[in-house]
Every structure is written in C-alpha cells, then in structure tokens.
Amino acid sequence: MLVPLILTLLAGAATFIGAFLGVLGQKPSNRVLAFSLGFAAGIMLLISLMEMLPAALDTEGMSPVLGYGMFIIGLLGYFGLDRLLPHAHPQDLMQKRQQPLPGSIKRTAILLTLGISLHNFPEGIATFVTASSNLELGFGIALAVALHNIPEGLAVAGPVYAATGSKRTAIFWAGISGMAEILGGVLAWLILGSLVSPIVMAAIMAAVAGIMVALSVDELMPLAKEIDPNNNPSYGVLCGMSIMGLSLVILQTIGIG
C-alpha cells in the first residue's frame, strides 16, 4: 500500500512544477504543452481500454453487466461533474495575462482552482486504486496524471502571480489543486485498506477506466488542440500509446507487475 500512495503523492506534486514555471516566467511553448496533454491522453486511453477494463472483467466472480456497468458509470459520472463544475480552460487564463484586469483574472483563476481540485480528487483515488491492483499500470497512470498536472499548475499560478505580484500566493493557489489529488489518494488508502475484496477492487477499476477515457476525450485532447491549433494532438496521443504499450510489454517480459 505504501508504493501506490507514494505514486499518488508524486503525481499530485507535479502541479508544483507547473506553478514554479508560472511564477518564474519560463512558460513552455504551446506546442510542448499540447504534445504533453496528447501524450497523457494516449497513456490513459491505452491503459484504460487495453489493461484496466479487461483486467476488471477477467476478475473471478465479476459479471460483464457489473463490469461494463461500472465503466459506464465512470464515464457518465465524469461528464456529469464536468458539466456541473465551474469550467475554464488553462489556455484561456494564460491568454488573459495580457489584459489589464487583474481582479477578474484572479477570480477566474480561483474558480479554475476549485474546479480542478474537485476534478483532481477522483484522479488521486484512481491513481491509488490502479497502483494497488497492478503496480505497472499504476506507474503509467501516475505518469499521465503528472504530465497533465504540470500545465494545470502553470495555468493557475501564472495569472494569480500576474494579478497579485506574489509568488507565494500563486504557488499556494496552484498547489491546492495538487493537494486535492493527494487527499484523494490518502482517503483511498485509509478507506480501501479494509475493502480489499477482488470484486470491489475490480468494480472500482472499471469505473476508473471510464473516468480516464472520458477525461482523455473530453478534456485533454480538445485542450491540446485549443492550445496549439496549428499542430495535430494525435501525434502526442499516438506517441503516448506507443511508448506506454512498449513499456508494458517490456515490464511483462521481465516479470514486473
């Protein structure tokens, strides 16, 4: 249980990398940000559809109705929360840095922070649950989550810093979203320790797979296209899928996971 918790902590802490980039003014190019988001989406799609969902369905005692039902619940649950939460895109905030409305920018950044925090909370649970069930998949999910946490931290810290002039305040607000992910992992660690039934774990994995697919197709890929409309995010997606698939083959070949 310790390694999955550490992976969750590291994935959430990646938000601070973006936060520091935001206050230091060394913003990565839009092309790099877009590619990293596509790369993260590719990792999540491959792991969710080729590993997590099949593993959940293959669990002894798991019925297809329950497995696919939990997958659909994960999909619909994500879309439902996404529609209910205050929603602003990171690149919108980065563009607003040029406008002389610091108070408005700060309010928007805070709303985004709250939305991202609620959005990151189940990601922390997903990372922990996946790593607890299968460590090699946990590494992949943690990497994908960390990659897309970096532009999130950058998106919040940059505008807050521009509005307040305080690096500490900017890092604080950006860090909240990362802490929400860590909190999700810690709660999963505390609660799921007594709920280690294979069926329960498989059902949660199926739901997590649905969440990851929805996150990839509804958020990461469109966001990558918006950030860098001149380049196709599919390259990042395909690269993420290829590298993750190759790494899983290597890990399975040498007997890890």
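In case you wondered, yes, glycine gets a Cβ from its N, Cα and C as well.
Predicted, not measured: the structure shown is a model, and the values here were computed from it.
Annotated Fe(2+) binding site per Swiss-Prot: Asn120, Glu123, Asn149, Glu152, Glu181, in sequence order, evidence recorded as sequence analysis. In the three-state DSSP classification, Glu181 (Fe(2+) binding site) falls within a helix. Of all the Cβ atoms in the protein chains shown, 32 others lie within 10 Å of the Cβ of Glu181 (Fe(2+) binding site).
Secondary structure at Glu123 (Fe(2+) binding site), as computed by DSSP, is helix. Neighbour list (Glu123 (Fe(2+) binding site), Cβ cut-off 8 Å, at least 6 residues apart, same chain): Ala11, Val145, Glu181, Gly184, Ile211, Leu215. Residues or ranges marked as Zn(2+) binding site by Swiss-Prot: Glu123, His148, Glu152.
Here Swiss-Prot flags 5-25 (among others) as transmembrane segment. Residues 120, 123-124, 127-128, 131, 138-139, 141-143, 145-147, 149-158, 161, 167, 170-171, 174-175, 177-182, 184-186, 188-189 of the same chain lie 6 or more positions beyond the ends of the transmembrane segment (5-25) yet place their CB under 8 Å from a CB of it.
The transmembrane segment annotation in Swiss-Prot covers 32-52 (among others) and is backed by sequence analysis. Nonlocal intrachain contacts for the transmembrane segment (32-52), taken as residues 6+ away from its ends with a CB within less than 8 angstroms of a stretch CB, comprise 130, 134, 137, 140-141, 143-145, 147-148, 150-151, 154, 205-206, 208-210, 212-213, 215-217, 220-221, 223-225, 227-228, 231, 233-245, 248.
What Swiss-Prot records for 61-81 (among others) is transmembrane segment. Same-chain residues lying 6+ beyond the ends of the transmembrane segment (61-81) with a Cβ under 8 Å from its Cβ atoms: 53, 118-119, 198-199, 202-204, 206-215, 218.
The annotation transmembrane segment is assigned in Swiss-Prot to 109-129 (among others).
Through the fold, the transmembrane segment (137-157) approaches residues 3-4, 7-8, 10-12, 14-23, 27-28, 33, 36-37, 39-41, 43-44, 46-47, 51-52, 55, 90-91, 93-94, 109, 112-113, 116, 120, 123, 126-127, 130-131, 170-171, 173-175, 177-178, 181, 212, 220, 227, 240, 244, 247-248, 257 of its own chain, all at least 6 residues removed from its boundaries and within a Cβ separation under 8 Å. According to Swiss-Prot, the feature transmembrane segment maps to 137-157 (among others).
Taken from Swiss-Prot, the feature transmembrane segment applies to 171-191 (among others). With a cut-off of 8 Å between Cβ atoms, the residues of this chain six or more beyond the transmembrane segment (171-191) that come close are 1, 4-5, 8-9, 11-16, 18-20, 22-23, 109-110, 113, 116-118, 120-125, 127-129, 145, 149, 152-154, 156-157, 160.
The annotation transmembrane segment is assigned in Swiss-Prot to 195-215 (among others) on the grounds of sequence analysis.
According to Swiss-Prot, the feature transmembrane segment maps to 236-256 (among others), an assignment based on sequence analysis.
Secondary structure from DSSP puts Asn149 (Fe(2+) binding site) in a helix.
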